[in-house]
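Below is one structure, written out as structure tokens; comments come after it.
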Amino acid sequence: MMQGWWLETTVLSIPVWNWVVALSVATVVLFLLLWIRRFVRGRLNRHADKHHLWLATLLLRAVASTSAFALFVLSLLIGVKFLELPLAWRSGLSQLWFVAVVLQVAFWAGSAITYTMSRYMERRPDLNRVTMTIVTMTARAVLWVVAVLAILDNMGVNITAFVASLGIGGVAVALAAQVVLSDLFASISIGLDKPFEPGDFIVVGGIAGSIENVGLKTTRIRSLGGEQIVCSNTELLKQTIQNYKRMDLRRIAFRFTVAYGATAAQAEAIASTVKEIITAVEGTRFDRAHLLQFSERGLEFEVVYYVLSADYNRYMDIQQGINLEIMRKLEELGLQFGRGEMRVLYEGEARPAEPSKLDPPSRPAGS
């Protein structure tokens with residue numbers, strides 16, 4: 001009697017014995033898959049630790065991303081294969097097979113993308129972490145969009161119409177978040193093109209300071225006055241940026257004027273003396289010193305040299321020393337700096353007005 005019940009009783013038009021066989025197969029397959037995952041994970045873990053191979057680590061992460069739930073669903077689908085199902089049910093199960101496989105492949109690919117990008121960032125510490133994180137998230141998002149579209153297409157959804165509707169909605173969202181998206185893409189551009197990095201000293205739009213942080217929407221600058229300045233990434237890239245951190249040497253050009261009365265030999269001596277002064281200073285490279293022109297104030301000289309350092313304080317110390325030496329040499333030659341004078345002519349005589357103060361060397365054009 002029990003044997004007859006076993007063979008004759010049905011659930012959803014399927015005999016009980018058939019359900020028992022399918023459930024037994026699913027249980028055996030589940031435990032077998034869990035054991036295989038554990039075995040492969042252990043072997044790959046030992047191999048990765050011993051040989052430090054990135055491929056072994058990548059496979060290990062892929063195996064680790066294989067969830068027990070996915071194995072459970074896979075084992076059920078295998079067990080269901082032993083049921084005598086109607087044709088409509090078999091079509092639905094084939095779709096479930098496709099969904100399960102696509103989702104698991106997407107998990108594996110996502111894990112591979114994350115590991116590959118993290119390994120790339122370890123090998124390139126100069127890259128912007130925020131930008132690389134955005135690139136990783138974007139790649140994973142594109143992966144899952146492709147996976148979802150593949151599943152919908154397998155289920156009979158019209159992908160063309162679906163994508164078109166998403167396009168219209170995407171345009172609306174993009175218009176609403178135009179400023180945020182522009183700053184986001186500007187952040188990616190900064191990270192990839194690297195016009196500046198944290199720690200760089202820049203001058204942009206009248207702002208001078210050191211970069212503290214480059215975020216998704218804004219960049220924070222610590223100014224010379226000590227306050228923190230927050231700038232929009234988009235507005236920052238619209239302007240010309242001077243990056244002094246990457247300056248290997250500083251070109252300095254300055255002028256000074258010597259009063260008329262100096263002879264040609266003294267003028268020639270002044271140029272050679274300036275060359276000797278700059279050449280004697282450590283950390284500089286002399287370029288040229290010339291009598292540039294005859295100005296209203298006197299003989300105008302132009303000097304060009306290089307400071308072999310990006311340190312601004314070092315440059316100011318050097319320039320100050322050069323200025324003082326020029327003053328001493330002119331005193332030794334009995335010469336003075338050019339004066340800015342105004343003369344008023346009276347009828348029958350010429351009487352000069354009170355002269356202005358001495359004209360020191362002009363500020364260098366390298367600050």
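Placement of Cβ uses the backbone N, Cα and C atoms for every residue, glycine included.
Database features (TrEMBL):
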type     : residues : note
DOMAIN   : 140-178  : domain 'Mechanosensitive ion channel transmembrane helices 2/3'
DOMAIN   : 180-246  : domain 'Mechanosensitive ion channel MscS'
DOMAIN   : 253-336  : domain 'Mechanosensitive ion channel MscS C-terminal'
TRANSMEM : 16-37    : transmembrane segment
TRANSMEM : 58-83    : transmembrane segment
TRANSMEM : 95-118   : transmembrane segment
TRANSMEM : 130-152  : transmembrane segment
TRANSMEM : 158-181  : transmembrane segment
- Mind checking which residues reach the transmembrane segment (130-152)? Cβ under 8 Å, same chain, six or more beyond either end. 98-99, 102-103, 105-106, 109-110, 113-114, 117, 120-121, 159, 162-163, 184, 187-188, 190-192, 214-216
- Roughly where does the domain 'Mechanosensitive ion channel MscS' (180-246) sit in mean pLDDT, to the nearest integer? 84
- Item | Residue counts (helix, strand, coil, in that order) that DSSP gives for the domain 'Mechanosensitive ion channel MscS' (180-246) | 19 helix, 26 strand, 22 coil
